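*Asks:* Handing you this structure, nothing more for now.
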Amino acid sequence: MSSSHKSIYAAIAANVAIAIAKMVGFAFTGSAAMLSEAIHSAVDCGNGALLLVGLKQSTKPADETHPFGYGKELYFWSLIVAVLVFVLGGGVSLWEGFEHARHPAPSSSPVWNYAILGFAFLFEGYALIVSVREFKQSHPGTGLIAAIHASKDPSSFTVIFEDAAATLGLVAAFLGVWLSNSFGWHRADGIASMVIGALLVTVAILLIVECKALIVGEGADRATLRDIRAIAKADADVTDVGLPLTMYFGPHNALLTMNVQFRDGLEGSAMYTAVCRIETIIQKRYPDIKQIYLEAGSMRTSSERFPVAPAG
């Protein structure tokens with residue numbers, strides 16, 4: 001089982017238990033913050049299922065209509081998840097909180113609130129620890145924020161974002177319930193719900209930005225491109241190398257094209273052997289690069305490939 005699957009299953013299991021507990025808590029207390037948290041957990045359950053659908057669909061083999069495979073299915077479903085977090089999670093929580101802040105009412109049975117929020121915090125905290133641990137294991141030697149930004153697997157960092165938002169949301173809900181019950185400031189319950197909604201909207205926007213970049217077509221980072229050029233240039237039969245062009249068609253499925261200038265007189269089987277040699281070294285170092293197309297031709301610089309608009 002991949003690290004992404006482990007994180008998603010852990011998140012779904014936690015969210016199912018938490019959603020049920022929060023709905024029971026809302027039924028007993030009438031807390032707006034508790035209702036927002038219940039909606040949040042229910043949405044997260046559905047989102048986890050959608051991510052599993054995306055992971056499964058993305059593994060379909062390539063065919064005539066999709067010669068580079070179905071890896072971008074995961075990017076599509078991750079975008080749907082982000083939209084659902086925005087609309088169902090953030091939007092509903094903001095609306096419920098706004099209505100409760102306008103018409104504040106005391107919640108009953110505060111003990112239920114505290115017990116369920118504590119129970120939920122333990123489960124959400126565990127799910128967050130699992131998702132971060134699995135993600136860091138697949139990105140050794142890289143900081144968490146940098147790894148998330150560079151990751152081509154939205155299913156992994158989506159779970160982290162959702163679990164982090166859920167944990168922070170529980171803190172907001174606890175403060176709202178505590179202020180309402182301890183000081184009689186019942187509007188705090190609605191404000192806490194609005195804070196949870198704003199938090200979910202922020203997370204959704206971050207996810208949408210990341211998913212958009214992947215759907216449009218992200219390439220490898222600059223360090224990888226420099227290393228690929230160095231690998232090709234190091235071959236004895238190569239005299240010059242053009243700008244490598246890459247695009248990810250899935251978390252572990254990248255395309256590489258590159259112009260290569262071979263030494264004079266290299267033809268036929270000798271050139272084919274050199275191409276195979278270079279491709280083998282590149283794929284051994286970067287196994288995510290599944291398709292490589294090397295073409296003998298004129299060199300293009302980065303400024304020629306990506307022209308800079310004139311100043312003024």
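Each residue, glycine too, has its Cβ placed from N, Cα and C.
The domain 'Cation efflux protein transmembrane' annotation in TrEMBL covers 9-211. Marked as transmembrane segment by TrEMBL: 7-28, 34-53, 74-95, 115-135, 156-179, 191-209.
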*Asks:* Under 8 Å between C-beta atoms and at least six residues away from its ends: which parts of the chain pack against the transmembrane segment (34-53)?
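*Replies:* Non-local partners: 4-5, 8-9, 11-12, 15-16, 18-19, 22-23, 25-26, 74, 77-78, 80-81, 84-85, 88-89, 92-93, 96-97, 107, 113, 116-117, 120, 155, 158-159, 162, 165-166, 169-170, 173, 177, 192-193, 196-197, 200.
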*Asks:* Could you name the stretch, out of 115-135, 156-179, 191-209, with the greatest number of CB pairs under 8 A to the transmembrane segment (74-95)?
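*Replies:* Selected stretch: 191-209, with the most Cβ pairs under 8 Å.
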